[in-house]
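Okay, so TrEMBL annotates it like this:
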- 273-421: domain 'SSD' (DOMAIN)
- 267-289: transmembrane segment (TRANSMEM)
- 296-317: transmembrane segment (TRANSMEM)
- 323-342: transmembrane segment (TRANSMEM)
- 363-387: transmembrane segment (TRANSMEM)
- 393-415: transmembrane segment (TRANSMEM)
- 477-495: transmembrane segment (TRANSMEM)
- 668-690: transmembrane segment (TRANSMEM)
- 697-717: transmembrane segment (TRANSMEM)
- 723-741: transmembrane segment (TRANSMEM)
- 782-804: transmembrane segment (TRANSMEM)
- 810-830: transmembrane segment (TRANSMEM)
Amino acid sequence: MKSLNFQSVVSQFFEYESTVVVRWPLPFIIIPPLLTVSIVTLTVTNFHLNVTNDTLQVFLPDDMRSLRDLKELIHLFPPRDTQRDTYSIFGTKFVYTVIEDEQPEGNILSSSGIQRMARLHKFVMGLETRQGDNVATNCLRNRDDEACTMHPIAFALEDSTPEFAIQFLLRYPNLKFGDFVVDNAMVFGGVEVVPKSQDIEGNSPIRSSKAVRMTYILEASESTERWIDLFLTTIPRYKESNSTVLWSSSKSLAKEMERNGELLIPWMPWTSLVLVVFCMFACSSFHVVKSQPFIGFFAMFNATMATIASTSLLIYIQYPFLPLVFIMPFLVVSIGTDNMFLMLKSWRMTKKSANEERRYICALTESAASLFLTSLTDGLSFAIGSISDFHAVRVFCTYCAMAILFMFLFQVTFFNAVMSLCCRREVAGKHPVFCCYDTVPSNETKILKPNSDTHSDIASIVAKYLYRILNPWPSRIVVFCVFLLYLFTSIHYAIGLPLGLDLKLLAPDDSYVSRELEAQEKLFADYGGFCFALVRSENISFRDPMIRRDLIKLYHDLGGSEYASPAEFWLEPFEKKHRGRKYSESNFSDELHTFLAKEPNLKFRNDIRFTMTGRIEAIKMMFRVRKLGKDNDSPRAEYMRRIMETSQFSGFVYDTSFLLVDQQMTTVYNVIIDVVSAILTMLSICVLMVPRPVSAMCIAFAILSVNIGVIGALAATNTRLDIISMITIVMSVGFSVDYVTHTTFHFVIQRDNRLEVVCYLYHSLKKLINFKKCLLVMTEPILQSALSTAIGVSLLSFVHSYIVRTFVNTVFFVVGLGILHGLIFLPVLLDTIVPHSEYMIAYEPHQEEEENNHYEDLYGL
């Protein structure tokens, strides 16, 4: 009697589908490759990659507090002064160099150091493209008749005696000439000042400086892009004695992230070759007729074809593309061979039959539920990621989900047709490679006998040893204790998983961007750029001196911590001049416009937003960021936001680092939501496939355990909880299902029907037999699929990139923990707590009466 469950529905569907494929294989062999070639041709004839240039934004969620604040800040105060309006990071074009004295007590402001600085500056200024583009023609100017917008030190270095000219600029963090202020905080790094010589503004003479940073702000144009490319190509060859030269640009991080993908391309053919060799070897046997090397080859061909077709289709419809996608083929091709091992195992378990067509259909139907489950869980784990709030996660997971969909469709059509022909070749006794030649007929009557297949023999030995070790109760107690130790250790490490995106890790390990960011944290940590406070002032009357006093107090409160200091606020010099006078509305407006019309107050014109009626809509305050570094970003955001929220004014505080702070919190929230959603989705599918409550609980517990172990292992290898690990954690949920569900499914269906009144000993004997049978059936495909997945990504361990390394580590952790759970922890748990009455009758294909028992009892059970 056929059981009415989802597994039987799936198996019945694939029985009918495979019947069609087996009887008419030729169309199914021809159509998928033709479809792939057609999609690739359409893509190539209209090739265009939809690549975004906003490197940081692709790693940020679509909506979060700091992004909303940034959009409002840009809307109310469009960036006009690149040096002051530093929130315009997504549109500014720049390059900068850092020259550091290598000596332990070195001083770049020594006579020889200044000469080195001057040579580097003149080298950068002298770079010129073939079209005549250089810094002078592309630099940012406030007006056409003005000089380039550069720090005064740049002009001092162009002097014939830079050692003398530069001495007038050596004060830190600022240099003031009356109302003229020179910002030195972002120029000098590793500074030592003359003690007890601080002026009333907090500025001191510089005694020594370890490094100097020169920034060149450029106009946004095509010629600027060409010059930046020339700069990035030429500057690595520049050398100075006793100095370390570092550099970066507005496009450096994007280009270095693209290099992650470029590093993967050379490994693709080698990975394919290794996987093809492994699959062909795993499908071969010392028995010539039973060897199926072409099945291994076409399993790889099927996965590769699906990857090419899916990627080409998404590119053709102009779906966004990221360099991160280059990792996808390694993952998809690696997991694409798993189903092949299950199908081949099922074929080899069948008896010889007069109707070989029906025999292959029975073999495929036996593995149909497992094939469907593998593809569905892997695909859905990525589908959950494809609706993420993060652009990068969404793009990567969509490419993976589409590839898995194509791979499944090609597997049930193209690969099934090819495998049916290979099985016909075996039945006909033809040579596995030279199919036109007959081999010596075999006297065997079974496809699989003990000692007839080396791979099965090894797997059966492993399974039998596992059974002998795990079956005694003392061994199960030891397994239970080991599991508790594993779980405790994993949770301990998972709790300490570092949070947040580290920009240094987005580039390859040897990247100049990573070195520059590291030097920036070390040398320029005292002072950073500007952060901003915006106060909405629709309901504020600035003519009231009490309101102006409270705004100035808010300004000093916001800049009163160790994480930020006051920089500029137009109301302070205004109040110094007018001494708290009370105005009428028109008089205040006149005084303010008079104030803004004179030097040095012209710079404040972009700090006040007026409505069409002349009222002040919003005002902007500026603060200097202190104590740079990811450890101080969160305290800074927390302090400044709390001060603003507890004030009487409506507004917000914004700093570029707040994007990473909010991204960190959003990442934690999204990881929890995605993992819970993925586990619940996987559990729902598993309940459909194995509708038994205790077994389903065991599956859910095993999936959760594997993923806790993966997170703990990632933390132990110093992986951060960022969107890269977020992708891999969600991916690991789908991968872990493959191991635990197949084991549970075969454990449940191995039980025979029983009478209601049977002695306890008989129940115990049957349970032991089915525990052993489950291990014998599942050990070989689990080990083969795990090994193929690990081999597929193993070569990538030689790629020096955090992003690639995180994916490789996750795959290894999932494979290792999946084997541990699928072959040790879960079988022991199932055999210990699943009741005798909880079993499921597997779907039996339609067949002739004389072929009713079509599966071979391989091990005499």
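Numbering starts at 1 and runs along the chain as displayed.
From the backbone N, Cα and C atoms, a Cβ is placed for every residue, glycine too.
These figures come from a predicted structure and were not determined experimentally.
For each listed feature, how buried is it and what is near it?
Break the domain 'SSD' (273-421) down by DSSP state and the numbers are 120 helix, 4 strand, 25 coil.
Note on the transmembrane segment (267-289): residues 295-297, 299-300, 304, 329-330, 333-334, 337, 340-341, 344, 426, 429-432, 439, 442, 452-455, 784, 787-788, 791-796, 798-799 of its chain, located 6 or more positions outside it, place their CB under 8 angstroms from a CB of the stretch.
A Cβ distance under 8 Å defines the sequence-distant neighbours of the transmembrane segment (477-495), meaning residues of its chain 6+ beyond its ends; these are 470, 705, 708-709, 711-713, 715-716, 824-825, 828.
Counting same-chain residues at least six beyond the ends of the transmembrane segment (668-690), those with a Cβ under 8 angstroms from any Cβ of the stretch are 5-7, 10, 61, 369, 373, 376-377, 380-381, 384-385, 388-390, 393, 499, 696, 699-700, 703-704, 707, 721, 726, 729-730, 733-734, 737, 741, 744-745, 748, 840.
For the transmembrane segment (782-804), same-chain residues at least 6 beyond its ends with a Cβ under 8 Å from one of its own Cβ atoms are 260, 263-264, 267, 270-271, 274-275, 278-279, 282, 324, 327, 330-331, 333-335, 337-338, 341-342, 455, 459, 462, 505-506, 508-510, 724, 735, 738-739, 742-743, 811-812, 815, 818-819, 822-823.
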Counting Cβ pairs under 8 Å that sit 6 or more residues apart, are there three or more between the transmembrane segment (393-415) and the transmembrane segment (363-387)?
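Answer yes: the transmembrane segment (393-415) meets the transmembrane segment (363-387) with 3 or more Cβ pairs below 8 Å.
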Looking only at the recorded stretches 323-342, 363-387, 697-717, 810-830, which one has the largest tally of CB-CB distances under 8 Å to the transmembrane segment (296-317)?
323-342
For the transmembrane segment (697-717), give me same-chain residues lying six or more residues beyond its boundaries with a C-beta closer than 8 angstroms to one of its C-beta atoms, as numbers and ranges.
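Same-chain contacts beyond the ends: 483, 486-487, 489-494, 496-498, 675, 679, 682-683, 686, 690, 725, 728-729, 732-733, 736-737, 739-741, 744, 806, 809-810, 813-814, 817-818, 821, 825-826, 829-830, 833-834.
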Which residues, given as numbers and ranges, are at least 6 beyond the ends of the transmembrane segment (323-342) yet have a Cβ under 8 Å from it?
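Those are 257-262, 264-265, 267-268, 271-272, 275, 279, 282-283, 295-296, 299-300, 302-304, 306-307, 311, 367, 370-371, 374-375, 378, 392, 395-396, 399-400, 403-404, 407, 411, 415, 731, 735, 738, 742, 780-781, 784-785, 788-793, 796, 803-804, 807, 811, in sequence order.
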Which whole number is the mean pLDDT over the domain 'SSD' (273-421)?
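Mean pLDDT, the domain 'SSD' (273-421): 84.
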